[in-house]
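As recorded in Swiss-Prot:
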- His161, Cys196, Cys200, Met207: Cu cation A1 binding site (BINDING)
- Cys196, Glu198, Cys200, His204: Cu cation A2 binding site (BINDING)
- Glu198: Mg(2+) binding site (BINDING)
- Tyr218: phosphotyrosine (MOD_RES)
- 1-14: topological domain 'Mitochondrial intermembrane' (TOPO_DOM)
- 46-59: topological domain 'Mitochondrial matrix' (TOPO_DOM)
- 88-227: topological domain 'Mitochondrial intermembrane' (TOPO_DOM)
- 15-45: transmembrane segment (TRANSMEM)
- 60-87: transmembrane segment (TRANSMEM)
Amino acid sequence: MAYPFQLGLQDATSPIMEELLHFHDHTLMIVFLISSLILYIISLMLTTKLTHTSTMDAQEVETVWTILPAIILILIALPSLRILYMMDEINNPSLTVKTMGHQWYWSYEYTDYEDLNFDSYMIPTQELKPGELRLLEVDNRVVLPMEMTIRMLISSEDVLHSWAVPSLGLKTDAIPGRLNQTTLMATRPGLYYGQCSEICGSNHSFMPIVLEMVPLSYFETWSALMV
């Protein structure tokens, strides 16, 4: 999860987030090289006498500054498109969970079970226990099995919301009258926090998301107790 004064992204907990981190580093390196080149050229212009101020034609230079940006854009676009298509893949999910956004809480329904559904509200600050996180804890966590492909169906009952968990690389809009879907798979157990990421009203900041990823045996025990 995030920590104070953090400069980078959250630690990756899913294959998709790993890919996004690699793409971030790849793009950041390209930006760094371009910025270094521009700063070098500016420093030369400020410290040396300008030459070729009356040049009317420079075919070689024009060719370079046309082709080079095109190559750079291709180097950014190709890995970006690859990840985009990976995020849209649905590969035989082991479990489906339907998520509905409300003003201002989330409701969850495990569609593979006959009667497993609940609402998830933020715990008020005055009711937090020692060690719990302000504005991030909920009364009912979403318990899911780790190392399994899970499909999330996401929609809204009222206004636009967005269901986001940064460490899993997830952000899907919850739109009234429309059912969006995404997949997730956590590679290790733990608690993963997120929040509504679309301004949805006065209590937009009070719609946290908590995923509790557990081994399959623990999930089966939990689901048996909940049904």
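The backbone N, Cα and C atoms fix where each Cβ goes, and this holds for glycine too.
Long-range contacts of the topological domain 'Mitochondrial intermembrane' (1-14) within the same chain: residues 20-21, 24, 166-170, 184-188, 190-193, 213, each at least 6 residues beyond the stretch ends and with a Cβ under 8 Å from a Cβ of the stretch. Residues Gly101, Gln103, Trp104, Trp106, Ser162, Ala174, Gln195, Ser197, Glu198, Gly201, His204 surround the recorded Cu cation A1 site, their Cβ atoms falling within 8 Å of the Cβ centroid of His161, Cys196, Cys200, Met207, which are themselves excluded. The number of other Cβ atoms within 10 Å of the Cβ belonging to Tyr218 (phosphotyrosine), over all protein chains shown, comes to 15. Of the chain residues outside the Cu cation A2 site list Cys196, Glu198, Cys200, His204, Gly101, Trp104, Val159, Leu160, His161, Ser162, Ser197, Ile199, Gly201, Met207 have their Cβ within 8 Å of the site's Cβ mean position. Cys200 (Cu cation A1 binding site) and Tyr218 (phosphotyrosine) have their C-alpha atoms 35 Å apart, to the nearest angstrom. His161 (Cu cation A1 binding site) sits 5 Å from Glu198 (Cu cation A2 binding site), taking the Cα positions as reference. In the structure shown, the C-beta of His161 has more C-beta neighbours within 10 angstroms than that of any other entry among the binding-site residues His161, His204.
You'll find the Cα of Tyr218 (phosphotyrosine) roughly 26 Å from the Cα of Met207 (Cu cation A1 binding site).
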